[in-house]
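**Q** Feature list, courtesy of Swiss-Prot:
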ACT_SITE  Glu89  active site, proton acceptor
DOMAIN    108-341  domain 'Radical SAM core'
DISULFID  Cys115-Cys346  disulfide bond
BINDING   Cys122, Cys126, Cys129  [4Fe-4S] cluster binding site
BINDING   Gly172, Glu173, Ser204, Ser227, Leu228, His229, Asn303  S-adenosyl-L-methionine binding site
ACT_SITE  Cys346  active site, S-methylcysteine intermediate
Amino acid sequence: MKELVNILDFLPEELGEKIKPMFRVKQIYQWIYQKYANNFSDMSSLPKYLRLELAQNFHFSPVKCVKNEQSKDGSIKYLFELVDGLRVESVLLPMKEEKIDAEGKRISHARYTICVSSQVGCKSGCSFCLTAKGGLKRNLSAGEIVGQILWIKKQNNIPYERRVNIVYMGMGEPLDNLKNVSKAVKILAQNDGLAISPRRQTISTSGLAKQIKELGQMNLGVLLAISLHAVNDGLRTELMPINKAYNIAAIMDAVREFPIDQRKRVMFEYLLIDGINDKLEHAKELVKLLNGIKAKVNLILFNPHEGSLYKRPSLENAIKFQDLLSSKGVTCTIRESKGLDISAACGQLKERAKEQ
């Protein structure tokens, strides 16, 4: 039996090399990403011969949801099975956004963030992260990354034009799979597709300085998030072995070269671990480290998981840490850990074996 190719892996110009004329590619994109077609036979504006040809050569179901769990805060974690049987997790984070209309009335509507995985497992080996425990199995293709987002939007009846933010903060190190992640960014941004602007896509990294520079040179327009978590190389290497290859100085040099929209900032994620990196002297060092960088610090309270030796700090300590940063002019927020009760929060995702 002929192996079908994942059509979600293709940019329009690539698909145009296989399908003529080009306006048919536009129609196919719209059927898949905007009309949420279930199969090629649904694509009624295409001639019958083309629908048959597509069905004989392509599929657009690279991920299959085998389980989902909803948190009391509304977050939903999805366990996806890939074609080869490996599994990844993704999270939908619904949030309420309020605006004032022309009449001065307060209007509330849903805003969505989708946290996607870029690899099955991860080789970075961060000591606080559950994903790293199983090592790296393989990279996801661009279509497997896009497939997570498409499935979640479709399943939750989120219209294609509804604004969503994408964060590459699920399983894996996105910049260790830069080729496919950057292609996913481009596919998601297509006007005939989901039309998710690169400015709404944030790529997080544990600090691969070389790849940060490569990403910057691509000029995709994406936002950058650095998983920092420590203010000196000794502690950071203990928490994140990747620091042996790319130390803090190398990361900061790469960040300074990274092109960022004047209205945006580079996000620095700082995981607060009780008694390890949450002291006020750490906050003071962080202020010095970020001097001259347009930065926003996202403080995250450590999320416990099976086998972890670390503890979650008190909210009181986190607020003191935040207050010191803010008093020195550093934009800083404490991230609300959504999905904590279903192990969907930062550092809790993993490749789960076939349990069902």
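Backbone N, Cα and C define each Cβ position, glycine as well.
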**Q** Between Cys115 (disulfide bond) and Ser204 (S-adenosyl-L-methionine binding site), what is the CA-CA distance rounded to a whole number of Å?
**A** 11
**Q** Summarise the model confidence on the domain 'Radical SAM core' (108-341) as a single mean pLDDT, whole number.
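**A** On average, pLDDT over the domain 'Radical SAM core' (108-341) sits at 94.
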**Q** Say we define neighbours as other CB atoms within 10 Å of the CB. Which of the recorded positions Glu89, Glu173 has the fewest?
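**A** So among Glu89, Glu173, the recorded positions given, the one with the fewest Cβ atoms within 10 Å is Glu89.
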**Q** Return the residues near Ser204 (S-adenosyl-L-methionine binding site), defined as same-chain residues 6+ apart in sequence whose C-beta is under 8 angstroms from its C-beta, sorted by sequence, else 'none'.
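**A** Expected: Val167, Tyr168, Met169, Pro174, Ala225, Ile226, Ser227, Met267, Glu269.
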**Q** Counting Cβ neighbours within 10 Å across all chains shown, tell me which of the binding-site residues Ser227, Asn303 comes out on top.
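**A** Neighbour-count leader: Ser227.
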**Q** Taking DSSP as the reference, which of helix, strand or coil describes Ser204 (S-adenosyl-L-methionine binding site)?
**A** strand
**Q** What binding-site residues among Glu173, His229, Asn303 are found with a C-alpha within 10 angstroms of that of Cys122 ([4Fe-4S] cluster binding site)?
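**A** The binding-site residues passing the 10 Å Cα test are Glu173.
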**Q** To see if you understand the setup: which same-chain residues, six or more apart in sequence, place their Cβ under 8 Å from that of His229 (S-adenosyl-L-methionine binding site)?
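**A** Long-range Cβ contacts: Phe128, Arg236, Leu239, Met240, Glu269, Tyr270, Leu271, Asn277.
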**Q** Roughly how many Å lie between the Cα atoms of Glu173 (S-adenosyl-L-methionine binding site) and Cys126 ([4Fe-4S] cluster binding site), rounded to a whole value?
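**A** Here the two Cα atoms are 11 Å apart.
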**Q** Where the residue listed as 'active site, proton acceptor' and Asn303 (S-adenosyl-L-methionine binding site) are concerned, what is their Cα separation in Å, rounded?
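**A** Per the Cα atoms, the residue listed as 'active site, proton acceptor' and Asn303 (S-adenosyl-L-methionine binding site) stand 17 Å apart.
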**Q** Which whole-number value in Å describes the distance between the Cα atoms of Asn303 (S-adenosyl-L-methionine binding site) and Cys126 ([4Fe-4S] cluster binding site)?
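**A** Here the two Cα atoms lie 14 Å apart.
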**Q** Using only the residues recorded as binding S-adenosyl-L-methionine (Gly172, Glu173, Ser204, Ser227, Leu228, His229, Asn303), report the maximum Cα-Cα distance in Å, whole number please.
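**A** So the binding residues stretch over 19 Å, Cα to Cα.
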**Q** How long is the line from the C-alpha of Cys129 ([4Fe-4S] cluster binding site) to the C-alpha of Leu228 (S-adenosyl-L-methionine binding site), rounded to the nearest angstrom?
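**A** Approximately 13 Å lies between the Cα of Cys129 ([4Fe-4S] cluster binding site) and that of Leu228 (S-adenosyl-L-methionine binding site).
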**Q** In sequence order, what residues of the same chain, 6+ apart, have a Cβ less than 8 Å from the Cβ of Gly172 (S-adenosyl-L-methionine binding site)?
**A** Ser117, Ser118, Gln119, Val120, Gly121, Cys122, Thr131, Leu136, Asn139, Leu140
